[in-house]
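Chemist: Got a structure here, written out as structure tokens. Questions coming.
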Amino acid sequence: MATNGVNGAKHYNEGTFLFTSESVGEGHPDKIADQVSDAILDACLAEDPLSKVACETATKTGMIMVFGEITTKAKLDYQKVVRNAIKDIGYDDSSKGFDYKTCNLLVAIEEQSPDIAQGLHLDDRLENLGAGDQGIMFGYATDETPELFPLTLLFAHKLNAAMSAARRDGSLPWLRPDTKTQVTIEYKHDNGAVVPLRVDTVVVSAQHAPEITTEELRKEILEKIIKTTIPAKYLDEKTVYHIQPSGLFVIGGPQGDAGLTGRKIIVDTYGGWGAHGGGAFSGKDFSKVDRSAAYVGRWIAKSLVAAGLARRALVQLSYAIGVAEPLSIYVDTYGTSDKTSEELVQIIRNNFDLRPGVIVKELDLAKPIYLQTAKNGHFGTNQSFSWEKPKALKF
């Protein structure tokens, strides 16, 4: 076995364990904020692919505020962009906790600081673009699913997506946009890899219209959402369902809780698996390595697993402001690779150019693709994203 990771330590081969991941639906207040920030980013990139955007959003009852630093040639109609994003989520009436037509929008956007901008100047060539900030970023992949993504979070995301679809197509018309899910899976250890055996617990909370009873809601969610989303082979007589454990959930969205951009970074990534460097994604253009390097970290980890170099992989990258090349590259394969860490890092260096200005070209990150990443996770669920398409590695 490899010298990196845990070398198949005894406890990695014995017994089972439970692991849990949570997700939130597009109408969750923090997710509204993420989507509004990314809608503004997309509006900038649609007109000016070199826009520099750092846009935060805060929301509470009847109010949404966008604030941050944006340098762009785009002519932005903030009222239109923000209200359309809220409308698309489904908040079109104050009885649902928010209304895109009547909410108060505050805009506090300034140009990017010249001190930060000078660290990023486009030299003459995009390749020489320095990182927009210091920081550490992680990517993770696992062979437990065809998507090479943790099954706990995949199911949690899919449950929220199913509720959104049922609300939009009218099959569950009493559903409202604010939903939360949590899935616990029993796994077995397999020489450092993890193998899902069964779903142990499913938690679903869904904002709803006042006319449906809790009893009816629980029945409908179980039959029309959970059992149509999670394959029957994972559900057994011991599976526990906590559907609407609080009882009523009529008041939701920003009326129920305040929302902020960047508050759902574990939902956005790997659901507690792997590791996280702390940087959020939404509202940031590709020069912010918090986002672009996390995407390339996923691309690297997924490519390593897809190539059969490991069954599980965690990759860390680090950057400094104004410096193009990463300061460090780390990889841990949890004992599932027959290559050493040094060999794997060399394979990464030989196959990936990790300068932000090259990442943007290879992954096509100057396009207005970001609003869709802010719904149901940036990884695993949407295989059309460029970073979800493994690179053919030479080694």
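Here the Cβ of each residue, glycine as well, is placed from N, Cα and C on the backbone.
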Chemist: For the ATP site, Swiss-Prot lists ASP178, THR179, LYS180, SER246, GLY247, LEU248, PHE249, ASP257, ARG263, LYS264, ALA280, LYS284, LYS288; sort out which one of HIS28, HIS378 goes with them.
Modeler: HIS28
Chemist: Anything within 10 Å of LYS284 (ATP binding site)? Look among the binding-site residues GLU22, GLU56, GLN112, comparing CA atoms, and list what you find.
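Modeler: So the list is GLU56.
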Chemist: What is the separation, in Å, between the Cα atoms of GLU22 (Mg(2+) binding site) and GLN112 (L-methionine binding site)?
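Modeler: Counting only the Cα atoms, the answer is 34 Å.
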Chemist: Test of understanding: give the count of other CB atoms lying within 10 angstroms of the CB of SER246 (ATP binding site).
Modeler: 8
Chemist: Do any of HIS28, GLU69, GLN112, THR179, ASP257, LYS264 (binding-site residues) have a CA within 10 A of GLU56 (K(+) binding site), and if so which?
Modeler: GLU69
Chemist: Using DSSP with the three-state reduction, classify SER246 (ATP binding site) as helix, strand or coil.
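Modeler: In the DSSP reduction, SER246 (ATP binding site) maps to coil.
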